[in-house]
Amino acid sequence: MTPLFLFPFFGISSADDVAKAYMDDVISLVLGSFILALAIEHYNIHKRLALNITSLFCGDPLNPPLLLLGICGTTAFVSMWMQNTAAAVMMIQVANGILQRLPVGTQMTGSNTDVQHFCKAVILGVIYSAAIGGMSTLTGTGVNLILVGMWQSYFPQEEPISFSSWFMFGFPLALIVELFNFIGFAWGNNYGQGLIVLWMTRSITNDMPGWGALFHNNVHDGTVSVMMATMLFIIPNKKNNGEKIMDWNKCKKLPWNIILLLGAGFAIADGVHTSGLANELSDSLSFLKTAPYIAIAPLTCLVSATITEFTSNNSTATLVLPLLIELARSMSVHPLLLMVPGAIGAEFAFLLPTGTPSNAVGFSTGHINIKDMIKVGLPLKVAGVVFITALMPTLVFLKKNQNQTAIQPESSSTTTTTVLAISGGALD
């Protein structure tokens, strides 16, 4: 909360400008998503989903690779719609319940050592799948929301990154990394659906604008999220007479700390930009200016992936993204060529228990140690950098001025329209 009073006192921003950063469309998206997540939690929909999906993979006789696939896949799917930590906590409980019932000795794989290795694979699979699944959607992790918020803040004249456009890029990336994650281990409700459909169809492409065009594009993902959350306070739950699906007592568990953290991140990013600090700090990344064009994405991702092992994902994104924006401007390249790898790299905290709360949750089970995390997490981190590099050409910049590759922040007269979309794999 300190930006709310420090920035006006030091003349960095006015009180109104700072306060607006704490409740913009991205924060509205988060708020509505949290209320929906609380409703899912209250009615145990998440546990039913996790247990039902996982039970499909528990055959007789038990097939360890198939069971591992079920647990990892379920965790990644749940993490697409819940915060990573919440998904990890829930699925760790499910995984522990399964692991406690594993047969000991030769009944499963031949030795007690194999059972221990399988337990390690399950716990590591859960915490890594929670991080990987969150890459798919804007609401899956705070880093994606920070990226979108900074893009809107620095480039308000540009097309915002919508839920559907990010999904078309993030889901294939998450799917590839999750398959690598599983292979490495194996071989060594209707209301929510309606919300997802509204998110995915609000803005599809320039040629197919979606239902948001009916409202002159004044409607954004945050509008949909808050509207659907509000409906939960109106629709009866059909359990008790007069009781609605949600009421304010159920919302007392809202994670206001995360909402304030995101707001502070946006306010700090604006302050770094308006104060000129970003120009000074971007010099520390000046070595990227001399890097070959094809090396920009992996180097950016690697820098961010290294920092995130020692700070939280959100803190890394808040620190690095403003610097990358200024660096992109000085290099005359499109900002998203640096921002997207930098944001994704901040989610590759796979080596240390302190990297993310999800890692700490898995570490606390006692099935894994730091050596296990480094042994599995390092190849996964390297593979993630390689995959994001390979998928960066699928960021297609439509109607781009051929004589100008960089989009300038707010003061620029550029009229470039930017869209995240999947195409034939070429950078147009």
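Even glycines carry a Cβ here, placed using N, Cα and C.
Feature annotation from TrEMBL assigns domain 'Citrate transporter-like' to 3-339.
Listed by sequence, the residues of this chain that lie at least six past the ends of the transmembrane segment (25-45) yet keep a Cβ under 8 A from its Cβ atoms are 81-83, 86, 138-139, 142, 145, 148-149, 152, 189, 191-192, 195, 220-229, 232, 245-246, 250-251, 253-255, 258-259, 262-263, 266. Residues annotated as transmembrane segment in TrEMBL: 25-45 (among others).
The annotation transmembrane segment is assigned in TrEMBL to 121-151 (among others).
Under the heading transmembrane segment, TrEMBL lists 163-188 (among others).
The annotation transmembrane segment is assigned in TrEMBL to 254-273 (among others). Residues 1-4, 7, 12-13, 17-18, 21-24, 26-27, 30-31, 34-35, 38, 83, 142, 145-146, 149-150, 153-154, 281, 314, 317-318, 321-322, 325-326, 409 of the same chain lie 6+ residues outside the transmembrane segment (254-273) yet bring a C-beta within less than 8 angstroms of a C-beta in it.
Among the features that TrEMBL reports, transmembrane segment is placed at 293-312 (among others).
According to TrEMBL, the transmembrane segment annotation covers 333-352 (among others).
Annotation comment: TrEMBL describes 378-398 (among others) as transmembrane segment.
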(message) Give the nonlocal contacts of the transmembrane segment (121-151) in its own chain as ranges (CB under 8 Å, at least six residues past its ends).
(response) 24, 26-27, 29-30, 33, 68, 71-73, 75-85, 87-88, 91-92, 95, 98-99, 158, 160-161, 163, 166-167, 170-171, 173-175, 177-178, 181-182, 185-186, 221, 225, 258, 261-262, 265-266, 269, 313-314, 316-318, 321-322, 325, 335-336, 339-340, 343-344, 346-350, 356, 358-359, 361-362, 365, 367-368, 372-373, 376-377, 380
